[in-house]
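As recorded in Swiss-Prot:
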type: BINDING; residues: 16, 18, 209; note: Mg(2+) binding site
type: BINDING; residues: 150, 151, 184; note: substrate binding site
């Protein structure tokens, strides 16, 4: 087994989600397809609710901004007309946005509400790799703080870790960051995270599967290890040589405690 020693000054472990704590396949093959497969039923069930109407209004506004794009799907203004026709327009718009991998606030808001309903109803559980929870428990016992940094919203992060295949594991997480603090490929984001936590950047070890993020973190003087999981993007030979690589959280070692973390 490969063992990566955690530098003695590290007191915070910062975790990516997709491809690090959670299989990419769960996000790609379960989480996002769930939206496409269930959006019509969700809208029909919740159409009269204020939250749903706010989501639709935001999507309509986005559709107006997208009107100049090829293939964009308009959403008609609410009237006394056919509700099913309105719902179908929203379904078609969502499908179009997702097929183009759009990350609009309007789309993310509806997706977040749909996932919340699915998780709380027990229709879905978030997968985490088997090595994650035991390792995080050991890190915390060793005095480490553990934070999440993901492009998914903090609300979505809490849904995932609150309804995981390992149960509700939110108690193991000290805090959450999303792109409101900055994008993961920008080094300044990691400085802001350190400021928010109240530590130096070199007190942080960031675990991610994306080398562009690892590089940005390193520029901010954050320690990094690149996580190699099934389904993750391949690494170049140079990246394999340059970065500390782990395929399991159990491969991290805390010299200060003389125990594998």
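Just so you know, glycine gets a Cβ as well, placed from its N, Cα and C.
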Checklist line | Mg(2+) site, defined by 16, 18, 209: further same-chain residues with Cβ within 8 Å of the Cβ centre | finding: 17, 19, 20, 21, 22, 24, 150, 208, 210, 227, 232
Checklist line | CB-centroid shell, 8 A cutoff, substrate site 150, 151, 184, site residues removed | finding: 16, 17, 18, 149, 152, 178, 179, 183, 213
Next item on the list: Sort the binding-site residues 16, 18, 209 by C-alpha distance from residue 150 (substrate binding site) and give me just the closest.
Entry: 16
Margin query: Are there binding-site residues among 16, 18, 209 that sit within 10 Å of residue 151 (substrate binding site), Cα to Cα? If so, list them; otherwise say none.
Written below: 16, 18
Item checked: Surrounding CB atoms that lie within 10 Å of the CB of residue 18 (Mg(2+) binding site), all protein chains -> 23
Next item on the list: Fewest other Cβ atoms within 10 Å: which of the binding-site residues 150, 151 wins that one? Let me know.
Entry: 151
Margin query: Return the count of C-beta atoms lying within 10 angstroms of the C-beta of residue 184 (substrate binding site), excluding that atom itself.
Written below: 22
